[in-house]
């Protein structure tokens, strides 16, 4: 039987002490079992991303631009999943539905800010691949250490700058009515729907920010990969073309996995009344779970240098690291000779 949760209405409370997260509306009876695959995916995401960070940190041959960007992506994925999954699992398994107001606002900030940061890092990774394939002779001179740091810092500052106004506006709203959030976590519009009075500015800002960020970043990523594919088609070696197509295809797959469910969840939360609510919430949950789980596999384990380093670590203690030349495969130095990517 579905659990029916009833709470007294709030009378114009500026900051309620807490909210109630329902989990997945309409699937309350199945949430206990849904938690098992969610927990497995979360465990794989944490293990994969931590492994990626440790391998890149401990192997000097991997201290290269491509792997620095992978490290940024892994760190962001760890933050995104860990800001939502522990609470989500506690809801599913232990019926711990309540979340205090400050925790809800903090969770919202981390989700939305680091989603924007991840979009920026995916854009910088597309730029890295463009330089490696289309401008190999200039790769090492353009992507210097300071440039990489500036790109990462720009992505972080942009994410924080976009999410901060959303968080402040939500914190300053007055709330009335049931304090039940029909979601698994504190998503922006799910919280705003509980507010009294005019929420027009919240709606406009949220829609505008998401559309501009996702639209501009995805267009620039698409342009980068179109230029890459045009360059790849001109390669004389059939093996190099197939290898390049395979790598670009996997990267594009990760990008689609990130943007598609995210935009689906964002827009259907506002206008998708005809779409079942449990489907909308499931997509929103998977948006913060599936890409972090798959990114280490697609970006990391498909990279030869990382794959070999992990295999050696599992089989025997490291005696002196792997051949540094292996770590250069897929970078600008290697592409000056082969015009291929890992």
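Heads up, the Cβ atoms here are built off N, Cα and C, so glycines get one too.
Nobody curates TrEMBL annotations by hand; they come from automatic prediction.
What TrEMBL says about this protein:
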TRANSMEM  32-55  transmembrane segment
DOMAIN    48-299  domain 'G-protein coupled receptors family 1 profile'
TRANSMEM  67-85  transmembrane segment
TRANSMEM  105-127  transmembrane segment
TRANSMEM  148-175  transmembrane segment
TRANSMEM  204-228  transmembrane segment
TRANSMEM  248-267  transmembrane segment
TRANSMEM  279-299  transmembrane segment
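Here the listed stretches are 67-85, 105-127, 204-228, and the one with the most C-beta pairs under 8 angstroms to the transmembrane segment (279-299) is 67-85. Sequence-distant contacts of the transmembrane segment (105-127), counting only residues of its own chain at least 6 positions beyond either end whose CB sits under 8 Å from a CB of the stretch, comprise 66, 69-70, 72-73, 76-77, 79-80, 83-84, 87, 99, 151-152, 154-156, 158-160, 162-164, 166-167, 170-171, 185-188, 191, 213-214, 217, 220-221, 224-225, 251, 254-255, 258-259, 262, 288, 299. Residues 38-39, 42, 45-46, 49-50, 52-53, 56-57, 107, 110-111, 114-115, 117-118, 121-122, 124-125, 128, 148, 152, 155, 184-185, 285, 288-289, 291-292, 295-296, 299-300, 303, 305-306, 327 of the same chain lie 6 or more positions beyond the ends of the transmembrane segment (67-85) yet place their CB under 8 Å from a CB of it. Here the transmembrane segment (248-267) has Cβ contacts under 8 Å with residues 115, 118-119, 122, 125-126, 129, 187, 210, 214, 218, 221, 225, 228-229, 232, 280, 283-284, 286-287, 290-291, 294-295, 298-299, 302, 341 of the same chain, all six or more residues outside its ends.
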